[in-house]
Ligand SMILES: NC(=O)c1ccc[n+]([C@@H]2O[C@H](COP(=O)([O-])OP(=O)(O)OC[C@H]3O[C@@H](n4cnc5c(N)ncnc54)[C@H](O)[C@@H]3O)[C@@H](O)[C@H]2O)c1
Ligand SMILES: O=C(O)C[C@H](O)C(=O)O
């Protein structure tokens, strides 16, 4: 199985590292526009092969899409990250052009690939990739919910003072500081609702910390995060390539689900060898429905900015 990762920056390289180390794919190609950068990252990671013990063949190329031919999955991380104080939405001006051209380029050489969109603002970039390529909706998946859910579980585990792997929880909605929706009502600690252990105020704090999780890290790091984003992409790619059919919150095209049409936004999805296998519809309560509708309005407003680029 072959994976191409476009963008050998922080997220792309971190994702390549995990995919290689865990043997998720037999071949990984890292591509970047910066001369020699992807080659250098690939060489550095490959020099871990004997000490960490993996056999994935990872190579790097400078903008040479012929080397990406026949990829099963293509991950798009190319574009600029935000700086402290910025929102993800402010990246649209530069990233839209990059994502559109990259999606078109990769499909010329890998016409059957499933695209995983990471670049921000991710929901809008996913919508752009779908509209620009005309691919069926099962083959365009935006990664954001996997990361937001892992952060939600992290903050829940801190509040509970219990291991994160004993916590089950999901974030749906847009991948934005104000648009994501941590489903506190449905979160559980080993199958027991977290509300049995945490006060409403504590849960609200966990939700608030989750929503600004990316901004908090951006402030600490001076650029946006990459370890958890890279790991979340690898988790999603693993579910695709190895047909794990995991339920993962992903940004996918909605046609009536959750009361929305013509939008890509985070919802629970079954992810397998065909990419998006199924959108899982859960019964949201009235408050959650209202949050979802508001989140969709915000994502849709951002999508409107794509008009000129899609024209
Ligand atoms: N969806 C998510 O959950 C999530 C998580 C983290 C980061 N991100 C986003 O992912 C993107 C990448 O973040 P990063 O931290 O890796 O940034 P980065 O600056 O470290 O890496 C981006 C790379 O893209 C390359 N690039 C730019 N234009 C290109 C092109 N046309 N073709 C090929 N490569 C190109 C750059 O040279 C750079 O190496 C940002 O937009 C960021 O906001 C999204
Ligand atoms: O916060 C960012 O801008 C990057 C990414 O979307 C994240 O959530 O880490």
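Note: Cβ is positioned from N, Cα and C throughout, glycine not excepted.
TrEMBL labels come from automatic prediction, so no person has curated them.
Note that this is a predicted model, so its numbers are computed, not measured.
Lifted from TrEMBL, the feature list:
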- 1-142: domain 'Lactate/malate dehydrogenase N-terminal' (DOMAIN)
- 7, 8, 9, 10, 11, 12, 32, 95, 118, 119, 120: NAD(+) binding site (BINDING)
- 82, 88, 120, 151: substrate binding site (BINDING)
- 147-300: domain 'Lactate/malate dehydrogenase C-terminal' (DOMAIN)
- 175: active site, proton acceptor (ACT_SITE)
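Here the features listed in TrEMBL are placed on the structure.
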residue: 7; record: NAD(+) binding site; Cβ neighbours (10 Å): 26
residue: 9; record: NAD(+) binding site; Cβ neighbours (10 Å): 20
residue: 11; record: NAD(+) binding site; Cβ neighbours (10 Å): 28
residue: 32; record: NAD(+) binding site; Cβ neighbours (10 Å): 25
residue: 82; record: substrate binding site; Cβ neighbours (10 Å): 18
residue: 88; record: substrate binding site; Cβ neighbours (10 Å): 27
residue: 118; record: NAD(+) binding site; Cβ neighbours (10 Å): 29
residue: 120; record: NAD(+) binding site; Cβ neighbours (10 Å): 27
residue: 151; record: substrate binding site; Cβ neighbours (10 Å): 25
residue: 175; record: active site, proton acceptor; Cβ neighbours (10 Å): 29
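Between the alpha carbons (Cα) of residue 151 (substrate binding site) and the residue listed as 'active site, proton acceptor' lies a span of roughly 12 Å.
Considering only the residues assigned to substrate binding, 82, 88, 120, 151, the longest pairwise Cα distance works out to 18 Å. Taking Cα separation as the measure, residue 7 (NAD(+) binding site) is nearest to 82 of the recorded positions 82, 88, 175.
Across the domain 'Lactate/malate dehydrogenase N-terminal' (1-142), DSSP assigns 68 helix, 28 strand, 46 coil. In three-state terms derived from DSSP, residue 175 (active site, proton acceptor) belongs to neither a helical nor a strand segment and is classed as coil. Checked against ligand 2, the binding-site residues 11, 82, 88, 120 give 82, 88, 120 as the ones with a Cβ under 6 Å from it, listed in sequence order. Distance from the CA of residue 118 (NAD(+) binding site) to the CA of the residue listed as 'active site, proton acceptor' is 10 Å. Between the CA atoms of residue 120 (NAD(+) binding site) and residue 88 (substrate binding site) there is a gap of 6 Å. Checking the binding-site residues 9, 11, 151 against ligand 1, the ones with a C-beta less than 6 Å from an atom of that molecule are 9, 11. Note: the Cα of residue 88 (substrate binding site) and the Cα of residue 32 (NAD(+) binding site) are spaced 21 Å from each other.
Each residue contributes its Cα atom, and for residue 32 (NAD(+) binding site) and residue 82 (substrate binding site) these two points are 19 Å apart.
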